Structures are given as C-alpha cells and as structure tokens.
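What follows is one structure encoded as structure tokens, with my remarks underneath.
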Amino acid sequence: MEEGRAERRRRTEAPSHTQGGPRRAGVMTDVHRRFLQLLMTHGVLEEWDVRRLQKHCYRVHDRTAAVEELEDFINNINSVLESLYIEIKKGATEDDGRPVYALVNLATTSVSKMASDFAENELDLFRKALELIIDSETGFASSTNILNLVDQLKGKKMRKKEAEQVLQKFVQNKWLIEKEGEFTLHSRAILEMEQYIRETYPDAVKICNICHSLLIQGQSCETCGIRMHLPCVAKYFQSNSEPRCPHCNDYWPHEIPEVFDPEKEREAGTSRATKRSLRSRQH
C-alpha cells in the first residue's frame with residue numbers, strides 16, 4: 001500500500017517533460033473540451049485533420065472568436081492536463097514524416113495502458129508482436145512469425161484464427177500498421193510507448209542518429225551501422241548530390257526518399273475540399 005502511494009506521489013510530483021518546458025496555467029473553454037474529447041475518440045490524428053478538428057470546434061462553440069494558433073491552443077490544453085500527467089504530444093510518421101498528434105498518458109508507460117480495451121492473452125500477443133518488431137532489422141514482423149507464438153500466450157488459450165482477428169483489432173485501434181502481411185508499430189504506439197520500449201529492450205532498441213528519437217523503420221549506414229528515420233534521411237540529404245554518412249562520411253548507398261512538404265499537402269487538401277464542394281452542389 002505504502003509503495004503504491006509513493007508511486008502515485010512520484011507520478012504527481014514528477015517534473016513536466018512536455019514540449020516547451022513549464023507552462024502557465026491555462027483555461028479550458030468548451031472549444032478546448034470538445035477538441036480534447038474528439039481527439040480522445042480518434043487516438044491519433046495527422047496535423048491536417050487536427051487543424052480541421054480545431055476549426056470545427058470553434059464553429060460549434062464560438063463562431064465569433066479568432067482561431068488560436070494550433071501550438072498555443074494545444075499548449076493551453078496541456079497546461080490543464082499537466083497535473084493529470086497527460087499530454088497531447090506531437091510526433092511524425094516514420095515512413096514519410098507527416099506530423100501527427102496523440103493524447104499520451106505519461107503516468108503509465110507499459111503495454112498495461114491498453115488493458116481496458118484488450119484481454120490478458122490479447123495484450124500478451126501485442127507484447128510478442130512488439131518484441132519481434134523491435135528485434136527485426138526492418139522494423140516489421142510477419143503475421144506468420146507472430147501467429148507461431150500463439151501457443152506461448154498467457155491467460156486463455158487462443159487459436160490462430162482468433163489471433164488474426166486480434167491483430168486486425170490492433171490495426172483498427174491504431175497500435176499497429178499492416179503492410180502486405182507484415183506488421184509494424186503505428187505512430188500512436190511509438191508516441192505512447194517510447195520510454196517503455198527504451199527501458200524494456202535496451203540492447204535491441206534503435207535510435208535515429210539525427211533526431212535521437214526511437215527508430216523502428218529507417219535506413220542504416222553499411223559501414224558504421226548508424227540509423228536514420230526516412231524523413232530524417234530526406235531532410236539531411238535533400239540538397240546533397242553525393243550523400244555521405246553523417247558519422248563516418250562513407251557513401252550513403254540507399255535511395256533518398258522525398259521530403260514531406262506541408263505546403264503541397266495543404267494545397268492538395270484545399271483541392272480535395274473544393275472538389276467535394278462542387279460535387280455536393282451538383283447533387
């Protein structure tokens with residue numbers, strides 16, 4: 001009991017690790033509260049969708065108010081959530097660097113935070129998948145390799161067919177991503193579980209040489225072995241005709257991916273919205 005109370009005090013008194021350091025106390029309006037509720041429903045959203053969500057909340061609750069800058073808007077919410085050790089955290093997708101936002105529980109860092117949505121054997125299946133993903137060179141684990149571990153699960157026995165359905169449930173809840181029969185971690189899982197992964201798999205965990213964040217998917221130098229996220233590779237080498245490793249200066253042999261361009265994304269989004277508007281007028 002004393003240990004439990006001490007742990008709760010530790011979490012409550014823990015210094016803030018939120019972006020931008022200590023914050024002034026914020027005030028939550030109906031706009032902020034609705035935004036937070038909707039973000040909780042989605043779990044994780046790309047920045048374009050977050051901006052749309054923010055504007056929607058202003059339209060519903062305060063049409064006359066000027067829309068606050070997104071960073072200030074989120075910092076205001078985070079200053080209120082700080083005492084609960086919860087934060088709206090910004091990250092990026094590992095494949096193309098799209099900015100994403102997720103509501104992260106900073107007090108619990110383990111897989112146990114998923115306990116309310118999944119049974120014990122389902123959580124253990126996620127742990128098995130997570131371990132395979134972390135140990136792999138590519139950041140992916142095949143469905144075959146995951147399903148082969150079903151007999152080792154804790155709790156109620158699970159058939160392979162059931163396990164396949166559970167894996168799809170992880171995908172639907174944005175904990176995993178599936179690509180051609182292989183699974184990797186969703187941005188939501190990386191944002192919420194980075195500290196847990198670093199502590200649990202210290203010998204297997206990979207870190208990006210550029211941003212120093214957890215790396216699941218990326219490229220590596222064939223000479224010195226350093227690793228970089230694909231978006232970090234794109235930004236680092238974007239003006240280099242002969243890319244060289246930032247650590248050993250040897251030639252970088254991989255294809256350089258394109259840099260995510262938010263301006264192009266905004267233009268594409270505006271174009272999509274215009275097309276939808278035109279279609280609605282025609283019907």
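Cβ coordinates come from backbone N, Cα and C, glycine included.
What TrEMBL records for 1-14 is compositional bias 'Basic and acidic residues'.
Positions annotated as region 'Disordered' by TrEMBL: 1-26 (among others).
Per TrEMBL, the feature domain 'Phorbol-ester/DAG-type' maps to 193-245. Looking at the domain 'Phorbol-ester/DAG-type' (193-245) alone, the prediction's average pLDDT is 93.
What TrEMBL records for 208-249 is domain 'RING-type'. Within its own chain, the domain 'RING-type' (208-249) is flanked in space by residues 92-97, 133-134, 138-140, 184-185, 190, 194, 197-198, 256-260, which lie at least six positions past its ends and keep a Cβ under 8 Å from the stretch.
If you look up TrEMBL, you'll see 262-283 (among others) marked as region 'Disordered'.
According to TrEMBL, the feature compositional bias 'Basic residues' maps to 273-283.
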Inset, instruction - Helix, strand, coil: count each for the residues of the domain 'Phorbol-ester/DAG-type' (193-245), based on DSSP. - result: 15 helix, 10 strand, 28 coil
